[in-house]
Amino acid sequence: MKVAIIGAGAMGGAIARGLISSAPRFITSPGDLCAANPSPRRLAPLAEAGASTTCSNIEAVRDASLVILCVKPWLVKDVITEIKDHIDYSYAEIAVVAACVTISDLNEWLHKESAGSRSPSFCIVMPNTAVSLCKSMTFQVNGNGTCPLTLKAFGQLGEVMVIEERLLPAATSIASCGIAYALRYIRAAMEGSVELGIRAPLAQEMIVQTLIGAASLLQEPGTHPETEIDKVTTPGGLTIRGLNAMEHSGFTSAVINGLKASTPR
Ligand code: NAD
């Protein structure tokens with residue numbers, strides 16, 4: 001099974017590293033993965049990790065069973081036009097990782113006369129940068145068929161939810177942009193910790209483990225954030241004082257406004 005990653009930059013490179021580290025579960029060995037980028041500098045670390053690399057998109061997609069497109073959204077149409085006649089639509093699946101591209105766009109761009117009545121299997125995939133650690137929250141919107149190879153590949157890289165296209169803009173804001181929001185909370189908590197006399201590296205360790213604990217509590221069935229918050233907020237206690245002080249500074253509305261602002265329209 002050959003996997004081609006077109007546009008191996010930040011996201012494509014992270015996907016490549018995740019697939020390499022999960023071998024042999026999806027790809028058998030790093031050499032089954034071919035990463036393409038016009039810049040050889042971007043490809044060097046992936047070549048060192050054992051992937052095959054090329055500056056030619058056409059060479060990368062030849063014989064590939066799964067083509068993952070990771071270029072910037074405004075380049076998707078041109079890259080599809082370049083590669084579509086070199087992909088075998090009878091078996092290959094195409095996964096497009098790009099915000100603001102729709103199933104209807106892809107249907108139009110991927111159409112090729114030579115494929116006869118057969119349409120390619122394609123989907124939109126929205127991971128986050130935790131793919132490189134196989135901890136991504138990834139969304140998949142199927143365009144045609146169920147795209148089982150894409151589901152399996154991204155299933156090695158964390159959790160995958162297959163969703164309807166209408167939910168994708170909000171899901172992108174929550175989980176792809178959301179990585180930055182969670183990290184900004186950590187940074188803010190570190191700034192507070194330093195003011196309280198704790199060195200930043202030690203504070204980071206404390207905060208990260210606290211967040212892992214909080215997230216793990218919510219992975220138990222039937223839990224809700226407010227139920228868990230109730231358990232730590234004694235009436236008249238310190239935690240409720242802290243929470244109320246954060247809310248006076250607009251904590252919840254800042255998060256809601258941020259999510260709305262980063263939902264692609
Ligand atoms: P990036 O700029 O880091 O990577 C894109 C790469 O494409 C670059 O290295 C560039 O050299 C290469 N490229 C440019 N023209 C090309 C061409 N014609 N053929 C092949 N490669 C070409 O960008 P990124 O952050 O990795 O984003 C890529 C896609 O991933 C975007 O569409 C974005 O919406 C999506 N995405 C990114 C993130 C994220 O957190 N970075 C999250 C979810 C989705």
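Positions of Cβ are set from backbone N, Cα and C atoms, glycine also.
Database features, via TrEMBL:
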BINDING   I6, G7, A8, G9, A10, M11  NADP(+) binding site
BINDING   N57  NADPH binding site
DOMAIN    2-85  domain 'Pyrroline-5-carboxylate reductase catalytic N-terminal'
DOMAIN    165-263  domain 'Pyrroline-5-carboxylate reductase dimerisation'
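Distribution of TrEMBL features across the structure.
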{"residue": "I6", "record": "NADP(+) binding site", "Cβ contacts under 8 Å, 6 or more apart": "G12, A36, N57, A60, V61, V67, I68, L69, C70, V71, V79, I83"}
{"residue": "G7", "record": "NADP(+) binding site", "Cβ contacts under 8 Å, 6 or more apart": "A36, N37, L69, C70, V71, K72, L75, V79"}
{"residue": "A8", "record": "NADP(+) binding site", "Cβ contacts under 8 Å, 6 or more apart": "A16, A35, A36, N37, R42, L43, L46, T53, C70"}
{"residue": "G9", "record": "NADP(+) binding site", "Cβ contacts under 8 Å, 6 or more apart": "N37, R42, C70, V71"}
{"residue": "A10", "record": "NADP(+) binding site", "Cβ contacts under 8 Å, 6 or more apart": "T129"}
{"residue": "M11", "record": "NADP(+) binding site", "Cβ contacts under 8 Å, 6 or more apart": "C70, V97, P127, T129, V131"}
Taking every residue in the domain 'Pyrroline-5-carboxylate reductase dimerisation' (165-263), what is their average pLDDT?
-> 97
Could you name the residues, excluding I6, G7, A8, G9, A10, M11, of the same chain that surround the NADP(+) site, i.e. Cβ within 8 Å of the Cβ centre of those residues, in sequence order?
-> I5, G12, G13, I15, N37, R42, C70, V71, V97
The domain 'Pyrroline-5-carboxylate reductase dimerisation' (165-263), counted residue by residue under DSSP: helix, strand, coil | 79 helix, 0 strand, 20 coil
Using DSSP, break the domain 'Pyrroline-5-carboxylate reductase catalytic N-terminal' (2-85) down into helix, strand and coil residues and give each count.
-> 43 helix, 15 strand, 26 coil
All-chain count of other Cβ atoms within 10 Å of N57 (NADPH binding site) | 22
